[in-house]
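Taken from TrEMBL, the feature domain 'HTH luxR-type' applies to 454-519. Per TrEMBL, transmembrane segment is recorded for 30-52, 58-77, 89-111, 117-137, 149-165, 171-192, 222-242, 248-266, 273-291, 311-329, 341-364, 370-390.
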């Protein structure tokens, strides 16, 4: 008997070890992918964009705008038309874009051709948008306990290599970016195949959010607004110094990340999202206030303000990765649109901030006095936002309030109705049940309809709300409700919100439970 049990025990241990090894391998893959994404971002900003500006400054702006448009399109598709998500097609387009980017930008820098550089930069933005989203989606699939170490390790590795990324020539940086994109794709491809397929088969998230509002963060949520505002501040501090600060930043942006990682390994915990954002904001604000006096503080050898800004940016990139993982960890179907939205807000915010900074300095004249007042005003606006708008706002509470979508348990009558409409429909006469069974079915249907009518009268639902309520109680999706009642998504959202408020529920499953538990 012992000999029979031992192999099973050994098989269990072997299976557990195999599972742990697979999870560890996935963590290493994701860390490498995120590090590659961040390194390419640093190389682009530190080497490629300065080279572009010297040839044609508008190439950078068009490339950034195009990347934001691609990310916004991914958000819209994932939320409203998930069936249009074709991962294999998108992967192919991204890889072809990487190849085109490598060829066109290399030739563009060699020949100083704005046209080639524009075409290559647009392909770069297209590839970056999709591949960066894949890296974030892969990160969201990891266990919650592994995410902090993976995120911190990836960010730390990327920022340790920042001096090398900035020292590369534009053509070498393009080649390095193409290599990073290839490594990123190879690392995450096996990890994101299934999540992307599930996202493509899922119902539109815009409709799912109507029935389960607490499982989704709306696009206008203050968390997303904060990401955008912080990105604007970062764009401002990059643009404002202009010709008054061409000294390089000290290569120490990794230090806050290293400190956070050491604290996590020593104490088993790291600053939460609120604490991490406060650190980012503090570093950026300090950089803003130091900009006018940067030459005095650093003696022109290095930029104290740029050093603080780089440190704040490194912490902010860590925060973005962790936020995507935390939000998607609560509701995994939101991984793709959340990642795309975060990146779109970040890229667009930095672009808007740069435009505002350059515009303000142009209007006031590129003088040191103008820099003093513009930096001071920008810093005070950002400080006011942090202390007034975010006074009672908590990222931790916002993410903690997200509920995992509950699988619907519709009333038993729905199973009966499905058989009545499906198996007993046209072309299925052979499977039709007997009269006694059919009578029981219709008796159940009538009972449920009576309950819905009674609940509607009890809670003061309007006739239209009663129609929506009856379909929700039957487990119908918002898409089906829209078709049956011929109403728009906004109308369905409006009625559903009112129904939930009147019944005191927060999800469709809670609504169904109210109907099932109601006594006539």
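Using the three backbone atoms N, Cα and C, a Cβ is placed for every residue, glycine included.
Keep in mind that this is a model prediction, so the values were computed, not measured.
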Same-chain residues at least 6 beyond the ends of the transmembrane segment (311-329) with a Cβ under 8 Å from one of its Cβ atoms are 34, 38, 41, 136-137, 139-140, 142, 144, 147-148, 151-152, 154-155, 159, 217, 223, 227, 230, 234, 252-257, 260, 273, 276-277, 279-284, 287, 335, 338-339, 342-343, 346, 395, 399, 402
Sequence-remote contacts (6 or more beyond its ends) of the transmembrane segment (248-266), Cβ cut-off under 8 Å?
148-149, 152-153, 155-156, 159-160, 162-163, 166, 276, 279, 283, 302-303, 306-307, 309-311, 313-315, 318
For the transmembrane segment (222-242): best-contacting stretch of 30-52, 58-77, 273-291, 341-364, 370-390, by Cβ pairs under 8 Å:
341-364
With the transmembrane segment (341-364) as the reference, which stretch in 89-111, 117-137, 149-165, 273-291, 370-390 has the largest tally of C-beta pairs below 8 Å?
370-390
Quick one: DSSP breakdown of the domain 'HTH luxR-type' (454-519) into helix, strand and coil?
49 helix, 0 strand, 17 coil
Are there residues at least six beyond either end of the transmembrane segment (273-291) with Cβ under 8 Å to its Cβ atoms? List them, or say none.
226, 230, 233-234, 236-237, 240-241, 245, 256, 260, 297, 304-309, 311-312, 315-316, 318-319, 322-323, 326, 371, 375-376, 378-379, 382-383, 386, 394-396, 399
Could you name the stretch, out of 30-52, 117-137, 370-390, with the greatest number of CB pairs under 8 A to the transmembrane segment (58-77)?
117-137
